[in-house]
Amino acid sequence: MAKHSTTMSCLLFFVLLCLGSHLAQAQVLFQGFNWESWKKQGGWYNFLHSHVDDIAATGVTHVWLPPPSHSVAPQGYMPGRLYDLDASKYGTGAELRSLIAAFHSKSIKCVADIVINHRCADYKDSRGIYCIFEGGTPDSRLDWGPDMICSDDTQYSNGRGHRDTGADFGAAPDIDHLNTRVQTELSDWLNWLKSDVGFDGWRLDFAKGYSATVAKTYVDNTDPSFVVAEIWSNMRYDGNGEPSWNQDGDRQELVNWAQAVGGPASAFDFTTKGELQAAVQGELWRMKDGNGKAPGMIGWLPEKAVTFIDNHDTGSTQNSWPFPSDKVMQGYAYILTHPGVPCIFYDHVFDWNLKQEISTLAAVRSRNGIHPGSKLNILAADGDVYVAMIDDKVITKIGTRYDVGNLIPSDFHVVAHGNNYCVWEKSGLRVPAGRRH
């Protein structure tokens, strides 16, 4: 009897250890701002601080905060004095530190929006060109001149820098990331954001603006726990204006970047967003590629893919590439139960009043230990229905078709449902929600 009890105890310990490892891997990112957040009376940091408990209740593990520094544009994407946090339109440096501490008290990690492809200068040089930069400190850190601008950015450069390693950004000087002083001082600034301000990871804005080799330098120099890059490529479209079924070239670019940078580096899965927002318009056959896998980055390298429905660019008031508004919850049913790291948008939780539905789906993810590398088995992908099983524990259906025949085993029961989506969970042993990591 004692031997049997010991064996059972060891088995239970092994099961809990395995489940715990899945929970440790499970990640849900929350974008904690939109394009208009800088206008908030009383400051966005203070406003968000008052909602930390609400955000934690959605089950997120990471929160993505806006660019923290002085910027010519109020949203933060035209940065200048990088060390000057008090000039941010979102609030002061002290308010930012307090907000990060509040999230940390809920075991939520904070991701800074890092804009380093380009930078705005404070002063003109002898040519009358704005290319003299101030770092925001009494000393010379990040106090640069035209030598630190890419030589082929002829509007600003003096021609002495290296050529740009990525795409051009026309609205501000493209920084020469092959310059050793640039690399050293930007790495020091990033490490200061970690050690002094409290950030845990980076969201790399316009990462197409510099090479993956450059990105790897900053990731290796700063050892963040989480990194996600914005690599917004143009999808392929057919003659009728619809996205092509095959988007392998688009997702290959994302995979190549993540593999080249290595470590914790991941990329926003723009391919999945594009395919999914077309698919929910009665074309759910799009959600399975020719090899029976998911059509986005999550079909090839899910561990490094961050899926999303909308963000401050594609949605919000910019609305440049929005998900169909009446089908947003179908999108969340997909990304919150599928491989990859799902990202929840602030607007959908608070402005669209979808907090309860999104939280329910996030709880299903946590309870069943769904993680970036979870196993995906697509059971059906027709025009009006998509059904998939994840880790043999969860089944998700999206689409207008109500009857899915015998695709749902008898030992599965409904745990979440809404407008044209439903999620089932396998009966039996449940993974406890536990402490989020």
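Using N, Cα and C of the backbone, Cβ positions are placed for all residues, glycine too.
The annotation signal peptide is assigned in Swiss-Prot to 1-26.
Feature annotation from Swiss-Prot assigns substrate binding site to 70-72, 77-78, 203-208, W232, N234, Q252, K293, 299-301, H312, Q318, K397, 402-404, 414-420, W424; the stated evidence is similarity to another entry. For M78 (substrate binding site), other Cβ atoms within 10 Å of its Cβ number 18. In the three-state DSSP scheme, M78 (substrate binding site) falls into the coil class.
In this structure, A172 (Ca(2+) 3 binding site) belongs to neither helix nor strand by DSSP; it is coil. A172 (Ca(2+) 3 binding site): 23 other CB atoms within 10 A of its CB, across all protein chains. For D153, D168, F169, A172, D174, the entry in Swiss-Prot reads Ca(2+) 3 binding site.
E230 (active site, proton donor) is surrounded by 18 other CB atoms, counting those within 10 A of its CB over all protein chains shown. Residues annotated as active site, proton donor in Swiss-Prot: E230.
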- prompt: Measuring Cα to Cα, how many angstrom lie between A172 (Ca(2+) 3 binding site) and G418 (substrate binding site)?
  reply: 45
Statement: Once DSSP output is merged into helix, strand and coil, E230 (active site, proton donor) belongs to coil
Field: Cβ-Cβ neighbours of W300 (substrate binding site) (radius 10 Å)
entry: 19
- prompt: Counting all other Cβ atoms within 10 Å across every protein chain shown, which of the binding-site residues D153, D168, D174 scores highest?
  reply: D174
- prompt: Once the chains shown are all counted, how many other Cβ atoms turn up within 10 Å of the Cβ of H70 (substrate binding site)?
  reply: 22
Field: Residues close to Ca(2+) 3 site centre defined by D153, D168, F169, A172, D174, Cβ within 8 Å
entry: N117, H118, C150, Y156, D164, G170, A171, P173, G209
